[in-house]
Amino acid sequence: YNSGKLEESFVRGNLERECIEEKCSFEEAREVFENTEKTNEFWKQYVDGDQCEPNPCLNGGLCKDDINSYECWCQVGFEGKNCELDATCNIKNGRCKQFCKTGADSKVLCSCTTGYRLAPDQKSCKPAVPFPCGRVSVSHSPTTLTRAEIIFSNMDYENSTEVEPILDSLTESNQSSDDFIRIVGGENAKPGQFPWQVLLNGKIDAFCGGSIINEKWVVTAAHCIEPGVKITVVAGEYNTEETEPTEQRRNVIRAIPHHSYNATVNKYSHDIALLELDEPLTLNSYVTPICIADKEYTNIFLKFGSGYVSGWGRVFNRGRSATILQYLKVPLVDRATCLRSTKVTIYSNMFCAGFHEGGKDSCLGDSGGPHVTEVEGTSFLTGIISWGEECAVKGKYGIYTKVSRYVNW
């Protein structure tokens, strides 16, 4: 005879008598099974039904029933109570606050830019130096910049090719040698609000802007450089009509335009250059470098849709230059709209930002200045103010150098 089948029949008969015809207790069920593990499995469904029917676990997860609850065993790459969270970097950046990579075991590995370290939660980034890049350390009352901060929890960057509705623009003529860019329709910045911004003085005072990338180097637009013209960099500048204690002046000892830049062929293609300073800057709350991510993340940050531009350029088309540092939030413009807005060639190393309705833009004198995207309280360089057709004109946009194309350089 088959003792297994006989035992199963005996248990089934006792179970029906003890727990189905009448309500039984756990102890009574235990007497039937004579095994705690089997009793537990039975009891989970007997008390409140099978919580795994239908299966609440998503993305191929396996369901384990429990009393008044259940547990999902998730497939690799998913997590959460119902395996609903993509544990890779594609969704909400893997919950990393700066950079995310997927390791060999398919687990998310968060990391931080230079000057930051991972917090104990292994997601956030904490400053590791007194004046880390991209952070505003001067205390201000709440500003537009702070309120507009982008957080990864609102962003699935796998869908980041979509951009926000058209907002404001930055411009400079591709034809005229004196059509440098300025901020039109912007706001007065607060002292120390854009501590990476520098002013370039040459044979014309305040002719361009730039961004601090470390104590010895500044990045600007290549078309701002003229052979034989001495350039002075002013960091910590705020009001150009006053000499302020926050200012630091350095001479440029070497200007390095990108090796593909050729002004005789096209003045604004590959419009990026590095400036080496004669003495290191002293970093403080008013003189702080901008963060630069790798190529992938610089492109991701740009596609978030909105960035900030700043400078001392003209405050209206063909008007006077600003004396107080100006800033403006500008939306990224999709490439098709950008190409339709002009007869001038827009190369793949450029992008458009600004407002279709006009009235706000960068303008003459802003060239070389930063286009930054603030992410989780840290600002990253995503563009360089390059050119445009006039300033703040309806249907025209500001054209910027796409920094992601030059990070490795």
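Even glycines carry a Cβ here, placed using N, Cα and C.
Looking up Cys57 in Swiss-Prot gives a disulphide bond to a cysteine among Cys52, Cys72, identified as Cys72. Closest by Cα distance to Cys72 (disulfide bond), from the recorded positions Glu31, Glu37, Cys52, Cys96, Asn262, is Cys52. Of Glu22, Cys125, Asn262, Cys338, all annotated as recorded positions, the residue with the shortest Cα distance to Cys224 (disulfide bond) is Asn262. Among the recorded positions Glu22, Cys74, Cys83, the residue whose Cα lies closest in space to that of Cys352 (disulfide bond) is Cys83. Put simply, of the recorded positions Glu37, Cys63, Cys89, Cys96, Cys125, the one whose Cα is nearest the Cα of Cys83 (disulfide bond) is Cys63.
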